Amino acid sequence: MSSKTEIPIITDEGDFSAEYETFCQAMNGVADGTFICVSVFGPQSSGKSTLLNDLFGTSFKTMDLSAGRTQTTKGIMARAVDFQTKVAPRVLILDCEGSDSRERNQQEAQNIERHIGCFAAAVSDLLIINVWNHDIGRHSAANYNILSTIFDIYFRSLLKARRKSGNHRPLILLIAIRDAEEDGAELTQRTFESDVHHIYEQSVPKQYHGSFRDYFCLRFWFIPHRRYMKSLYDEKITQLKTDIKEIFDSLLGAETATTLIPLTDSSIYYNNIWDIVRTDKDLDIPSQREIVSNIRCEEFYLEAIEQFSSQVGKVFADVTAAIQVSLGQQSSTFLEQSPDAVKDYPITKLHNACNSFKLTKVLMDLSQECVALYRRKTRHYIPKVVTQWATKLNDDVLAGLKKVAHSFAKGIRESTCQALGAVTAPFRVQITQWLERHEYSDDYASNTNTVDILVPDLISDLTFPQKRLTDLMGLLGAATRVFHKCISVNWAHEYSGLCDTGILVNLPPNDVGPNSNVRIGDNAIETNAGSSVRLSVGYEASEPMVDAHIDDSGAFFSDIRQTGVYSPHLYAFLESLSLSTYGKALSLQKLPAAPPDVANAYDAVCLLHTIILLWYCETMMPLSLIYDITPEIDHVIPESNALFCETMGSILAAVAEAVSSQTRTITASMTQATARLMDDKLYVTLGSLRGVIYESARKTLERSFFSLLSSAFVAPDHQGLLYLQTRLSSPSIYFDLHFDSSSRSSPTDSILPDTQNPVYKQYTDIYLFSTLPALLSPLPRAYNTVGTRLSSGSSSIQSLLPRYRAVPIVAALDMSAFYIPQAALSSFMDRVDAEIIELINKSLGEFFSKSFPLVLQNKIHTKLVYDDQGAQRSYISENSILTEFLSEKKGLISMAQLFEGGTLITENLHSVTIKPTSQEKIDAMLRCAEAEWDKTYQEALEIYRTNKHKDKYKWVWLGLCVFLMLTRKWVYAVLLSKYCLCITILLLSVGLFVYQRTTPDERNASFSIVATSIRERDVGQFWDATKRLAQKVIH
């Protein structure tokens, strides 16, 4: 397909033409829209348009000689013509405006000539430079300036873009020399080539000098005069048509085919290139396919996502409507004996409206159609760009699927909770009333807040109000009666109805194995054994077969077998449970007459909770096993079970918090006391403290919770639940039901190696390895447990642990985890240990910032200035002071460095490295401390010097005193003589004269020098000072 007329790409004003965009849009839908771009430029009126018309049969406007030489082509004109080559089926011809025109010179708009040259060089596969023969050697007339522009833009932008797109061929420059003659053609070619190489060397970076032929290919056409040598001209044109086809096939080659874009996309690329060129920005031109691929892939992405959103919106509306209809129904209680109760069940109606399997298939089909549409329309574009948008499309499609699936799951969850609410209403009323009772709150608060702190026992005792716990035991009994009331024939038939409508899918027991191959179809799940479970849309549940309550456990198991829901493993477990002493007692709502002794109160409580919850699970659990649409559906927790767990959990939390609060108090105070010692064993001591606190808290929690459970569930005379001894001492059920006689290891050894409670292990083994794999089918949503094998009949199969969280069963196992040494205690002690570590780190940090600066000053001041009794210290010499100072300073610096971090190593606990503060803060504190240390050092020196003079002259004074004592008679005689009196009067007169003739500053300075000279026994200094003072007095 070609254009019938010439279309402007760039207008005379320098704008991108809207006509070209319209033409490209009209090319949309062409099977192969690729093309080769050929452009021609040269001086004005050099015959460019005429040459194109003769070569390609176009009709570009040519110059009218009668009107004079004027500008004919303005901007860039284009036309697409069919031209079959090995590379593309058509050629896009660009007729560029002539250079050096009078009109552009008058408009002072010669810059557009450069822009057109840049644009043509950027988009063309073949450049034709049209030049007159007689202009060879002239700079402007021969288009040398255009060649300089081509070389410049090529190495700044085009080379990088061509290499990025995989195009390593040289750019073809076809020089058309007009009005040429055969004579002198060879000389003309050499001259032109020499000029081109010279321009090349001047225009390109130095690293490309001498490599012209690696990047450009020059071809010459010598075309005779069209008017005066008509026949030769026509022959040459015919020859050139063949020549240009060979150029397309050979010189362009296969590399060009991989970089071409559809003609319909060329307007996008050309418009972007023109905007860059016109604004004189630094050209960073990506490959054609890259820029167009990004734009087109975005368009096709939007188209695909719009189609998907529209179709999914309809499905979403249908699902929403079905949910609204379902939730709008009045839910019936399944404790009634109405045969029609199951037909009104909200979940049944919801699945009749939108079956989960069929919904999944519809959504998957819509998503696949969306992706296929995008892939089909983007197959010709760059794979990297296609993948980027495909990833975004995939994310948006998944978001759309999740929106519908979330709505579906929300409807199922709300419907399930609506039905469970009717069943658990009596229990919820009772437990709500129990939780709202406040008569025990004061006693509870007093018992939790008045805890004696003892180290290392940490806490002496922790008790709770006995009335509250006795009341809780009565509430558990009421809950048991509610659960028992829920076991009715209607529940069994409800399971059957749910199975037939697709809510609960359980494969027959023969198909439970790791090799089952499940294929989802429109209305069935088919396995490799040929069996199937019907998933009928709109299927009505069958009528109940029995309408009476269960009077005994045998009738219950007989009726539940008729539903065909549970596996033989579950039948065997339930039957063994019902025949046990406690099972019969629970069924008849009474206790055994002569219960045996019990040795482990924890096991008794664990078994009580587990059996109550398991019995409850057998009636409620199937409602949780809904098809796995979203993760939210894994967390459908029955309200009654949640309240039960929360009640017991709150009691444990209260005990744990009381213990934890004491550990925090002990940790903070003991860490501060340890830090004040400040020795090299700081972190060793803190590690030991951590171990003492940890072990004390552990013992306290065990003792407190043991007291709590035993006082709540076991009578003081050890009667009540003592009949559980039979169950506790009996052989493990899983060995009788599920393992070969040669099996010697428990299946939970590899999964729960730390669990030591036999009851906990017994029920965990049964439910992990027999009941759950049968109940939580279909198999594709399960994973294997390596190294553990179960027996089914005579063949051994690998056990399967499904991805489902059967919340009631998990809650039951969590209740049995009240076996303190392994489950609840371990979890709590991890938190206690974390608090101990955090508080040690925090307390050391606070000690460092608040108390340690005083420690630094007090220690060195005490060490240098005062002794332990508070008296001033005496030293032998100044060197001893310096040695003591440096030694103490080194010790304080080492002490400060301890706060940079250390390891708490505790027996039976993992080692922990803590960092109370940073090295920067330590350095800053030491810098501040050193200034005070220097003052303390100078103070010690001053004290030493003072004491030194005192010690030196004390014997002189003592001798003088003894001498005066011995010669006191002669001293009195001298003092009373007339000579002494004269000398005294003379000295007083001199002193008075000095006082009057000198200033106080002069006297102080002189007397200070005199005193120093006397102290240092410097006679010369003494006489000099005396002489200067006499001179000041005389003058």
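Backbone N, Cα and C atoms are what each Cβ position is placed from, and that goes for glycine too.
Now, the feature entries from Swiss-Prot:
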| type | residues | note |
| --- | --- | --- |
| DOMAIN | 32-267 | domain 'GB1/RHD3-type G' |
| BINDING | Gly42, Pro43, Gln44, Ser45, Ser46, Gly47, Lys48, Ser49 | GTP binding site |
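Scoring each of the binding-site residues (Gly42, Gly47) by how many neighbouring Cβ atoms lie within 10 Å, the top position goes to Gly42. The GTP site is set by Gly42, Pro43, Gln44, Ser45, Ser46, Gly47, Lys48, Ser49; from the centre of their CB atoms, other residues of the chain with a CB within 8 Å are Gly98, Asn130. The C-beta environment of Lys48 (GTP binding site), restricted to residues of the same chain at least 6 apart in sequence and closer than 8 Å, consists of Val40, Phe41, Gly42, Thr73, Asp95, Cys96, Gly98, Ile128, Asn130.
Cβ neighbours within 10 Å of Ser45 (GTP binding site), excluding its own Cβ and spanning all shown chains: 20. Mean predicted confidence for the domain 'GB1/RHD3-type G' (32-267): the pLDDT average there is 78. Of all Cβ atoms in the shown protein chains, 21 besides its own fall within 10 Å of the Cβ of Pro43 (GTP binding site). Of the listed binding-site residues, namely Gln44, Ser46, Ser49, the sparsest CB environment within 10 A is found at Gln44. In the three-state DSSP assignment, the secondary structure recorded for Pro43 (GTP binding site) is strand.
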